[in-house]
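Copied from TrEMBL, the annotated features are:
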- 1-17: signal peptide (SIGNAL)
- 23-38: disulfide bond (DISULFID)
- 52-198: domain 'Cupin type-1' (DOMAIN)
- 100, 102, 107, 146: Mn(2+) binding site (BINDING)
- 102, 107: oxalate binding site (BINDING)
């Protein structure tokens, strides 16, 4: 009898325990390593779980002929604490998302239109490249260098998802040449000649 009473008490306690289904970001507060503080559930609206930004093509008039429209926590507060985020890629003809990495997430790419050549380099320096058509999906493991290039003569678009609300981004070319790292250090660590390094710094806005 005591065992039955204990089990019933336990079930009652569990059924009345506070379960937090979501934590919509309070973007007025500072972000922490664990994410943004939650807004009070009484103030949560259905629109907090909806993001419309991926429906509009991005502006590809730039040096890479491409655009990334982010759907991260800052744009999509309902993602806070769920370990997810999304983005839209638009690539004009000759457009490219340069070699880059996401330190905090793996990425899944779904091609909407056009033709995209995508690939990544493993930590063993093995290269995996595939030209993707609409409806095809490719995955890029966390932290590995990868890229996307428009492989056709018309515009291409894709949607990507990440298993992190804040996947992070580091573009290889910008990391090397769009900063104030002295030219001699870039030359010494990349084996490029000084003239090439200075030219790349000039194109990407680096100094030093």
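Cβ atoms are placed via backbone N, Cα and C, with glycine included.
Feature map: annotations from TrEMBL on the structure.
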| residue | record | CB count, 10 Å |
| --- | --- | --- |
| 23 | disulfide bond | 20 |
| 38 | disulfide bond | 18 |
| 100 | Mn(2+) binding site | 17 |
| 102 | Mn(2+) binding site | 23 |
| 107 | Mn(2+) binding site | 23 |
| 146 | Mn(2+) binding site | 22 |
What other residues of the same chain, not counting 100, 102, 107, 146, have a CB atom within 8 A of the CB centroid of the Mn(2+) site?
101, 120, 140, 144, 145, 167, 169
Report the DSSP secondary-structure composition of the domain 'Cupin type-1' (52-198) as helix, strand and coil residue counts.
25 helix, 57 strand, 65 coil
Tell me, roughly as an integer, the mean pLDDT over the domain 'Cupin type-1' (52-198).
94
State the Cα to Cα distance, in Å, between residue 100 (Mn(2+) binding site) and residue 38 (disulfide bond), rounded to an integer.
31
